[in-house]
Structures are given as structure tokens and as C-alpha cells.
Amino acid sequence: MAFSVQMPALGESVTEGTVTRWLKQEGDTVELDEPLVEVSTDKVDTEIPSPAAGVLTKIIAQEDDTVEVGGELAVIGDAKDAGEAAAPAPEKVPAAQPESKPAPEPPPVQPTSGAPAGGDAKPVLMPELGESVTEGTVIRWLKKIGDSVQVDEPLVEVSTDKVDTEIPSPVAGVLVSISADEDATVPVGGELARIGVAADIGAAPAPKPAPKPVPEPAPTPKAEPAPSPPAAQPAGAAEGAPYVTPLVRKLASENNIDLAGVTGTGVGGRIRKQDVLAAAEQKKRAKAPAPAAQAAAAPAPKAPPAPAPALAHLRGTTQKASRIRQITANKTRESLQATAQLTQTHEVDMTKIVGLRARAKAAFAEREGVNLTFLPFFAKAVIDALKIHPNINASYNEDTKEITYYDAEHLGFAVDTEQGLLSPVIHDAGDLSLAGLARAIADIAARARSGNLKPDELSGGTFTITNIGSQGALFDTPILVPPQAAMLGTGAIVKRPRVVVDASGNESIGVRSVCYLPLTYDHRLIDGADAGRFLTTIKHRLEEGAFEADLGL
């Protein structure tokens, strides 16, 4: 029986894919779920696994051909259909004849992963990992075919456009088949693997011979060269070296990290994405003291030199954009195309806030366990203003011509991470005090940088704040996060000479701490006067500086 290999749906809006490389040639034998061909879309590069075991009898789409979703890529025939091509396949089985008993067992194992698949085996499905997440990419399998697993034991790592997480096993048993290989993209509800419950897997010893058709395990030295090609870079590290996924290798290359010096924290010492990010952060810190020693009195220059060592190796090269960079590119372009954006900027005198923070920060840090930055003050002022101006905390539906006015303030915060820009959301931020906001902001920013965000923390925002002043910028023109109607930038707080008016109306020149607040808003919903009133409310709240009660002063 022949099986058609078709271009799968590799994303919500992906309609086609381009064949980049065939991993098998016509006449080659393939196993079920063995990587067959590499394809590229505008969102992801991935490998397409074989839908059946057999022989690749015909390649229909050549390399560099673009094929629509559902279009035919190749044909897989079973050994009988393949004729001469099938002959080499049986020869591999007799090659293992010194162990005459295990040799007959591999064929039953393949059906075992297929037979229970129909009724006895429990499918492991791609779960919903967020409000608007429709698919996930397999980063790394934590178990191999034949391994025993417990209920809720981590089985596979997956990545979405919002979060990386581990999928637990839904039942206890044995992993009998893997349906989605590493780097494969699977829609929500799609099958990742199958678990045979312990009672159904009477052939518990079968896992030992089973790996022979699948060239993964280390027991047979001759089978090892087969898995080496996917991990070509670590191949020189001998048999005991842990497997490194393409995603991790790419991340290491982007950050100029030598994987030989990275200690893996994954199962069996495997190097995970978090290990590479931690090594990159450690490398950055190690290089930071040099500029600090030369200009100890000026903390600001520490930040600019740090990115240079990590990115210097990119000069003169062409690199594939990371997943987050591709998502950012698409989302920002779509935002500008779908909304009518413009930006209004107000200057704010932050002198009182600067004084309050200086008086309270030591006691605040001791009491709350986090540093008191300026961001909680901005967030509190924004929340108060959103409650007064509900047309800013709203969204416009172009299709239904309706405006939704939200009854809660879900604040997003733009966070610069090693992977790229993320905008995690503090839900119901309007219910938090200044101290509560400080703790929540510190927590969500730290988890965004370490990759430990929950899926729902990257969606559902009604308004976003971006701290453009963290790198010294005075003002910017933020790009909206649809369906949000506005985003506020907070510029660097700098000292400037300003006209100061006393209670009697007398004017003088004084040194004041000021910053700029640029507000980007959707003109389909918000007029310039609305934006001005909203910014004026924030300005008055900050210049008044009445936060003593929040700070215990």
C-alpha cells in the first residue's frame, strides 16, 4: 500500500512551504516518523516525518519547489511495492542474526506502537498553551521510544510564539511511538506521541530490540553513526556526549557560546535552551567589569558595551531570523497595517517622585524584597488614568464596528530578553497597590528573561507600558499591540533647567528632573484630544507625587 506524503499545515496563516532539503533519496528505506524532508515557511523551518514505514518510491516536489498546504511531496511504498528497492531492507535484519531471538521481535514492536494506537495506547496531544496559541514546536523529547513514564512526568519540551514549556505524560506506561519529531510544528490537538499503558505492554523487554530500527540508542555501536548527522557539531565529542537540538545549537551560535563548555541541566546531561541563555548571561557579566573599572562613577556606560561581544561575530554574515524575531516582524507590520497609529508626547516634572523614591527605596527594598524603581509609579498613574478615561482602555472591532470598554486594567510591560522583545501581562493590575505593582513587575520581568512565563501571561493585555528610558532614550514612537488601543513609553528621567513658579506666582529657573511620556494611540478609536486628556491626568498624578501613603512615609 502506498502512502502520500503531503505538506502539512505549519501555522495558522501558513498556506505553503518550500522544500529546502531531502533527507532521503528514492529507494531509501524509512521508518515511521523518521525525518524525511526539510521544509521552510514564512514562520518556521522544520522537518516533515514519514507517515509510514516503507521505501521512498517517488519524490514529487524537488528542492526549492514551493508546495501548497495539502500538496503532495512524495510517495512511500511498502517493501513489496518497492520491488528491488525493498531488497536491502531485509538484509539489515539478518545482519543482527547473532542474536537470533531478538531479531524477530522488532517487527512486532512496530505494530505494537501502531496497534495500541488504535485502542489501547493513549495519545499525547498538543495542549492549548495560551489564549491565542494555535500551534507548538517540539524542542526536545525527554523520553525515547521504549522508555517507561509516570503520570505527569515531563515527556517533551515544546515552544510556542509565547512560551516554552514541558508537556507531561497523561498516563503511566511506555512510550510506544513518537508522532512529532524535534523541530516539528504541531497544531493544538495534534498528536505528539502515544503511551501504551503498562498492562497493555506485556512485552516489557521489547524496548531493547525495538530501538534497532530506530537508530537512537547507544547499545549498538554501528547504529550510532546514523543519529550523528543531526547533531554534526557535537559529534566529535565521543559516544557519551549528550544530544544537542538544532534550536540549542542555533542559539549558541547566535550568542557565540562554545557548547563544549556548557553544563547541561536536562535529562542525561543534555544541554537545554536555558543553559545556553545562562551561559550567555554569565559571559556578558564577565565582560561588563572592564568598562566599569575605567568609569566606576558612571553606571550608565555599563549597558552599551555588553551587547557588543555577543553580536560582534554577526558582522559580514547572513543569519536565519530567530522565531521571536520573525514573530515580532510579522506582528509589528500587521499592527501598522491594521490600525491608524500616531503618537503624542507630554513632558512631566518627576522631581517629587525622584525625591520620594530616594527617601523610601532602602526601607522599601527591605520590607518588600524588591528594589523600588520608577516603573511602579508610572504604572500606578496609568491605572488611575485608565479608570478615569475608559475609552483608552478599550478596543475597536473593524468587522463588527463595535467598541469594547474593559472593566479591568490588564497591563502589559515590554521586556528586553536574550531571545527578543516580549510583552508579559499583569492581569488585574488595577487591584494592586504601588508595592504590589513593584513586586509583580519585578517577578514577571525576571521570569520573562529566564523563559519561565506561563502562556496566559503573554496575552490578554488591555494597555502596555514600554520603558524606553532604560537605555537612555528620551522619547520614541511605540507600536501598538492589537487589539489594544494605546501604548505608553516612559523616557529617561534627566535633569534640565526649567521655569519654576512658586505659590505667589513668582518665576525662577531651577534644576528639575523631567521625562517625556510618548503615547501611541489608535486614531480609529481615540482622538488627539482624548489622548491629551489621558496624558494630562497621568502628568498631574506624577507631578503631584502623592504616594507617601503607598510608601509608608
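Every residue gets a Cβ built from N, Cα and C, even glycine.
Swiss-Prot lists region 'Disordered' at one of the ranges 81-125, 441-485, namely 81-125.
Neighbours of Ala2 (N-acetylalanine), defined as other CB atoms within 10 A of its CB across all chains, total 14. In three-state terms derived from DSSP, Ala2 (N-acetylalanine) belongs to neither a helical nor a strand segment and is classed as coil.
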